[in-house]
Amino acid sequence: MHHFAYRNGVLHAEDASIEAIAAAVGTPFYCYSAATLRRHVRVFREAFGGLDALVAYSVKANANLAVLKLLANEGAGADVVSGGELRRARAAGVPAARIVFSGVGKTREEMALALDEGIHQFNVESEPELDALNDVAQSKGTKASIAFRVNPDVKAGGHEKISTGKAEDKFGVAWTRARDLYRRAASLPGIAVKGVDLHIGSQIADLAPFEAAFAKVAELVKSLRADGIAIERLDVGGGLGVPYGDAPADPPHPEEYARLIRRIAEPLGVQLICEPGRMIAGNAGVLVARVIYDKEGERRRFLILDAGMNDLIRPALYDAWHDIRPVREPAPDSARTVYDVVGPVCESSDVFARARALPPLRAGDLVAIMTAGAYGAVLSSQYNARPLAPEVLVSGGRFAVTRRRPSFEDMIALETTPDWLNG
Ligand SMILES: *Cc1c(COP(=O)(O)O)cnc(C)c1O
């Protein structure tokens, strides 16, 4: 469910016309709907009512400070995977006590920062990381609260590049080693063992892999308790898919997913932590672009947009499918033209859609690339010396630019030419 719809023939984000925003901001730009973001957090709040639960929004999905602030205002915490994300979450007002720190390559500097901030939990992904964290915490005379991210060896995820829970993946500690590692961790002076964590993948389209993985992890919690290790938290990660419009069936509704989590966690008597990213932000955002040319190729017809793979890399990186809608509502009976929808970047992979049947579009028309709120702006780059697309947040009829388009001077501000090149 999202808040992008045609009104009086023009695509709106909530009560704000995309055309009006484009006129004010220029294209391309990302546009996010505050009501959609809020709604997604509330699904969890309602489903987990009465439980000790922490919704730690996965910052990497969309790290815009205004988005983080909005989610923090809704009571969400944050799941971060770098010191930079930790600082973003703090800058947006997420309390440190609601932050969990995941990732396979935390440096000692990042660990020190997180300990100084007083975060809720480190999700530890290897034995060498455990030892490093123990060292850093001891040197500060403190203890780091941890969960191990265990790898339940369950295959899940919409694409091989976003599957994380198989034995071959780099994430988590091996299932077969988990009990030994917990015993070791419990003996370390700089470590306070608190919980068990998992995250099996992303864009997962059905509940079965979650159910399989959660059931395995619930058994592990019981075994660890039998070993005398007090497990008081269960972090079930993120990964629920969102409908992009291409799959034969839509992913399960977030309410169903939240009910499944509740069913697993409640009997264990643990603090429940979840780390949703895509399902919070995915369909809360669109990328708006303008058609530059309608190019008749020898074999194909190309619709060339002013947004490119540097703005939204998901199609090039994950073969992702995004719905593309004209901002001016087409007549229901309008003819369709088959286009390859492409960007201006000098790469053959700069393609948003192949052989897509679209209503008539002309140079100057606006299009919206739907469901671009997660893993969109965060993965963008300035390749081809293209400025980062601005980000706009809509709430009701209001909109605000929450990241402006950099000027050319901004873009080159970090670079210098050495004196010895200046003749
Ligand atoms: C990316 C990530 C998430 C969020 O995944 P989504 O598919 O966006 O819900 C949660 N936890 C960890 C550890 C992650 O790396």
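Cβ atoms here come from the backbone N, Cα and C positions, even for glycine.
The domain 'Orn/DAP/Arg decarboxylase 2 C-terminal' feature in TrEMBL is assigned to 29-373. Annotation source TrEMBL lists domain 'Orn/DAP/Arg decarboxylase 2 N-terminal' at 35-281. TrEMBL lists Lys60 with the feature N6-(pyridoxal phosphate)lysine. Look at TrEMBL and you will find Gly239, Glu275, Pro276, Gly277, Arg278, Tyr375 tagged as pyridoxal 5'-phosphate binding site. What TrEMBL lists as substrate binding site is Arg278, Arg314, Tyr318, Glu347, Tyr375. Here TrEMBL flags Cys346 as active site, proton donor.
Features as recorded by TrEMBL, highlighted on the structure.
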residue	record	DSSP (3 states)
Lys60	N6-(pyridoxal phosphate)lysine	helix
Gly239	pyridoxal 5'-phosphate binding site	coil
Glu275	pyridoxal 5'-phosphate binding site	coil
Arg314	substrate binding site	helix
Cys346	active site, proton donor	coil
Excluding near sequence neighbours, so keeping only residues 6 or more apart in the same chain, what lies with its CB under 8 A of Glu347 (substrate binding site)?
Met309, Ala316
Per-residue pLDDT averaged over the domain 'Orn/DAP/Arg decarboxylase 2 C-terminal' (29-373), given as an integer:
94
Give me the CA-CA distance between Tyr318 (substrate binding site) and Tyr375 (pyridoxal 5'-phosphate binding site), in Å, as a whole number.
11
Give the subset of the binding-site residues Gly277, Arg278, Arg314, Tyr318, Tyr375 lying near ligand 1, defined as CB under 6 A from any of its atoms.
Gly277, Arg278
Show me the subset of Gly239, Arg314, Cys346 whose Cα is within 10 Å of Lys60 (N6-(pyridoxal phosphate)lysine); these are the recorded positions I mean.
none
Annotated pyridoxal 5'-phosphate contacts Gly239, Glu275, Pro276, Gly277, Arg278, Tyr375, maximal Cα-Cα distance (Å, integer):
15
Between Cys346 (active site, proton donor) and Glu275 (pyridoxal 5'-phosphate binding site), find the distance joining the two CA atoms and give it rounded to the nearest Å.
36
In the chain carrying Pro276 (pyridoxal 5'-phosphate binding site), residues 6 or more apart in sequence that have Cβ under 8 angstroms from it:
His40, Phe44, Val55, Tyr57, Ser58, Gly238, Leu240, Pro254
